[in-house]
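Okay, so here's the structure we're looking at.
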Amino acid sequence: MSFLAKFSLLRFKGETVSNSNINVAKFGGTSVADYDAMVRCAEIVLSNPNTRLVAVSASSGVTNHLVSLANDTLSEAERQAHIDAVVAIQHNITEKLTLDADITDGFLATLEAFKAHALTSEFDARATDELLSFGERLSSYLFTQVLRSLGATSLRFDVRDVLATNSHFGKAEPNVERTSELAESALCPLLADNIIVTQGFIGANSQGETTTLGRGGSDYSAALLAEAIDAKAVYIWTDVVGIFSTDPRLCVKAAPIAKLSFDEAAEMATFGAKVLHPATILPASRSGISVFVGSSRAPEQGGTWIEKEKSEQAGIRAVTQRKNQILLTVKSPEMLLASGFLARVFTILAKYNISVDLVTTSEISVALTLDNAPNASRPELDQACLDELSEFCHVTVENNLTLVALIGSEIQLRHGELNLMGVLSDFNIRLICHGASKHNLCFLVEQTESDNVVQAIHSRLLEAC
Ligand code: ASP
Ligand code: MG
């Protein structure tokens, strides 16, 4: 029997709350950075009786310390300093909070397990994920207690009991079906009487070993959990009041976007808007779950709603940039009038697991862009791959480029009064892609110029609307 059928009505303080109205709330690292921040988040949770499941990140800074600890070459003193820093962040919160017996037991045991594990002599991928998991494991105890201190009936839940993944440590892929099954039996029954607090970012493989979904993965976790429990909406609470039309540090007139479609939001997250983990939109759009992005410091200011419906208006909604892009140009005069050139190039790229973003082609050449950002899934371009391409092509690699993406719906080169081509012609554009997606128009510029390009586009195309 489905979860919906089994628990079609949930009780909340004497009222009935329809199951399909359940919300999941996710609080990022800055939102749970300290005691006061946690109290603000707890108030947000309690202000909406439909919020029954909460996923938290590690308190701000903790995951960075854990990443540093996973480095085998640290001196003993350096290692101890990172351990102390993690412990200090926890103590800052616990000194303002009286922990119930059940929370004390779990919290202290987890803290001890962290200290012991941090002294591991060699961190392979498996041991690293175990280490990285401690941030969320600790913050979830404390957030549960903060909710209780405001009068809520709240329980901490270990997400590894439901969030099933493969064994790709460091960037594990979820098993969506298994996660739903586990959530249905182990998590859903608890939601009727408790606000459940669980961890973002982490999961477990089929052997029960801890995995992580990749840096910033808590947003993704929240959407996966929302999908698994058939929630109506997932609220991503962060430190900005929504998704902006561009990076507000770059353009003072950047403004939060009230509404985005799933497609637009996915493009924005992929092409550099840092607010959401790019994978978050997948489960949400697959299952029709609305996503809200807002600031836990200023919930009254609203935020961005990402929903299934197409945006009402055609046009450009945002401009993003992604620096550190590589342009790879592969040219083969031999291939003139021959077939199979692209297939040959892409077979080699696939063999080296290289993910391509933009592509333009001519009869005997192909230009493509690769993400070389420090957090890219596949940062370096192997020499072996270049050598293999060089066997039948002339290969050029250009670095220090920025991919600028205009995002919206039905983007056209001329839209009403706006002449996109006219604006773009002022820049030295290295490569341009338009037409493959209705939701973006992307191009490459020199990295040194890209902030100016983004500012100019924002002021001439977005502020003009
Ligand atoms: N704590 C993890 C990180 O800092 C996951 C997250 O916050 O989303 O990457
Ligand atoms: Mg984040």
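Cβ from N, Cα, C; glycine included.
The domain 'Aspartate/glutamate/uridylate kinase' annotation in TrEMBL covers 22-294. Model confidence over the domain 'Aspartate/glutamate/uridylate kinase' (22-294) is summarised by a mean pLDDT of 96.
Counted within 10 Å of its Cβ, the other Cβ atoms near ARG249 (ATP binding site) come to 9, all protein chains included. DSSP assigns ARG249 (ATP binding site) to coil, not to a helix or a strand. Annotation source TrEMBL lists ATP binding site at LYS26, PHE27, GLY28, GLY29, THR238, ASP239, ARG249, LYS274, VAL275.
The Cβ of THR63 (substrate binding site) lies under 8 Å from the Cβ of GLY29, SER57, LEU132, GLY135, PHE201, ARG215, each of these being in the same chain and 6 or more residues away along the sequence. Taken from TrEMBL, the feature substrate binding site covers THR63, GLU136.
Residues or ranges marked as domain 'Aspartokinase ACT' in TrEMBL: 420-460.
Of all Cβ atoms in the shown protein chains, 24 besides its own fall within 10 Å of the Cβ of THR238 (ATP binding site).
GLY28 are the binding-site residues among LYS26, GLY28, THR63, GLU136, ARG249, VAL275 whose C-beta comes within less than 6 Å of an atom of ligand 2, given in sequence order. On the backbone, the CA of THR238 (ATP binding site) and the CA of GLU136 (substrate binding site) stand 16 Å apart.
The separation of GLU136 (substrate binding site) from GLY28 (ATP binding site), Cα to Cα, is 10 Å. A simple way to gauge crowding: the CB of GLU136 (substrate binding site) has 27 other CB atoms within 10 angstroms, across all the protein chains here.
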